[in-house]
Structures are given as structure tokens and as C-alpha cells.
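The structure appears right after this line, and notes come after that.
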Amino acid sequence: MSFKKMNKVIIFSAPSGSGKTTLVKHALETFPELSFSISCTTRQPRGEEKHGVDYHFLTPEDFRAKISNGEFVEYEEVYTDKFYGTLKTEVERIWKQGKTVIFDVDVKGGIALKKYFKNQALSIFIMPPSIEELERRLINRNTDDAETIRVRVAKAEEEIGHQNAFDKTVVNLHLDDAKKEIESLIHHFINEA
Ligand code: 5GP
């Protein structure tokens, strides 16, 4: 007899600059049974980012229309006038392929998604080694101006206070150790009933 496996999601949240995106990419490369949930955003594409690959880049009007139509599982104004959200259709698209959804969202979004998906979800908080190190990483990334970095650092300090709302915390002190830790967490989660 065969049992249908439960549809699952894995949520990664972290203050910006914690190395979350690197760890999400690593998870996707390691586990073919995972698929990235492409969020909608009203911010402009950065660098090499592509529409429909990294994000669905929407106008504020289009984003508002989707809010009114109840199309989002969750959405947030992550920065002033910059909206980010996850479409219900995106989750369904991935589950239809028999895969587990992987989310890269901010901390509030991560808590909202865990509340929504409950035991179908594994939520992981990626912790920077320190606020000073996080600031250094944001400066070295060279994608944001000084004011943006100041806002992100202030937000990070607030977000770290919410780590207990997550199932697991992984401290990203040494990237290779953090990679191994998430491999083990994901392996257990996707292989349990
Ligand atoms: P960035 O502008 O650097 O791509 O993303 C800024 C923040 O928004 C990151 O913490 C990212 O994880 C988060 N984010 C991306 N998509 C979503 C989403 O659908 N919902 C929420 N709440 N946050 C998101």
C-alpha cells in the first residue's frame, strides 16, 4: 500500500546580510526535491536579477490588486513602500510537481508562514555571528547605499529578538558548518512522514 506524502514547506528567515540567500541556494543545489518559491515584490531588480526567476517584479498597482483579490498567503511592507509577498498559486505550482517549497522571506513573513502551514512547515532562523559582522557583510556586498545599510542593521537588531518563534536557529559563523547543519535539518524534515 502506498501513502500520499504530506505537502511540505521549508521557511528560511534572517536579518538581511546573514548569509541566508547563500544557504538557500546551497539547499536547492543539494536537494532536488526542493523548489524555490518566487515571491512578488514592488522593488526594482538589482544586478542580474530576472523577472520570474528571482522575483515577480510588480508595479505597486498590480501588487495592490493581488492583495484585494486575496491572492497572497502572506505579504509585508518589508521596507517603506517596498512590498514583498508569496502567492498561493506559487505554493500550489510547486506542490503539484511533488516538491517541497522553500521560502526566503523576512522574519515577520517567516512567522506568518509558520502560523499558516503549521506542522507542514519547518522554519529556520539564520543568525548572523554579530551585528558588527552583519554590518561588515552588508558593506562588502556593495549593493546598498549607506542609508539602506543603516536601516537594515537597525531592523536586524529588532529581528534577532524573534528567533524563538522559529523551529530551529542556525548560527552562520562558519559557512561550511552552517551548510552541514541545514543539510541535516532538511534531510530529517523531508524524510519524516
Ligand atoms: P531583498 O530586497 O534583499 O531581495 O529582500 C529583502 C527581504 O525581503 C529579505 O529578507 C527577503 O527574504 C524578504 N522577502 C522576499 N520575499 C518575501 C516574501 O514573499 N514575503 C516576505 N515577508 N518577505 C520576503
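Cβ atoms here come from the backbone N, Cα and C positions, even for glycine.
Here is what TrEMBL records for this protein:
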- 7-187: domain 'Guanylate kinase-like' (DOMAIN)
- Ala14, Pro15, Ser16, Gly17, Ser18, Gly19, Lys20, Thr21: ATP binding site (BINDING)
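Shown on the structure are the features that TrEMBL records.
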residue : record           : contacts (Cβ under 8 Å, 6+ apart)
Ala14   : ATP binding site : Lys20, Val107, Phe125, Ile126, Met127, Pro128, Glu159, Asn172
Pro15   : ATP binding site : Val107, Pro128, Leu134, Arg152, Lys155, Ala156, Glu159, Ile160
Ser16   : ATP binding site : Asp106, Leu138, Arg152, Lys155, Ala156
Gly17   : ATP binding site : Pro128, Leu134, Glu135, Arg137, Leu138, Arg141, Arg152, Ala156
Ser18   : ATP binding site : Ile126, Met127, Pro128, Leu134, Arg137, Ala156, Asn172
Gly19   : ATP binding site : Ile126, Pro128, Arg137, Asn172, Leu175, Ala178
Thr21   : ATP binding site : Asp104
(request) Could you tell me which of the binding-site residues Ser16, Gly17, Thr21 have their C-beta within a distance under 6 angstroms of some atom of ligand 1? (result) Ser16
(request) Enter the number of other CB atoms within 10 angstroms of the CB of Lys20 (ATP binding site). (result) 23
(request) For the recorded ATP site, whose residues are Ala14, Pro15, Ser16, Gly17, Ser18, Gly19, Lys20, Thr21, find every other residue on that chain with a C-beta no more than 8 angstroms from the centre of their C-beta atoms, and list them by sequence position. (result) Ile126, Pro128, Leu134, Asn172
(message) Taking only the residues in the domain 'Guanylate kinase-like' (7-187), give me the average pLDDT of this model.
(response) 94
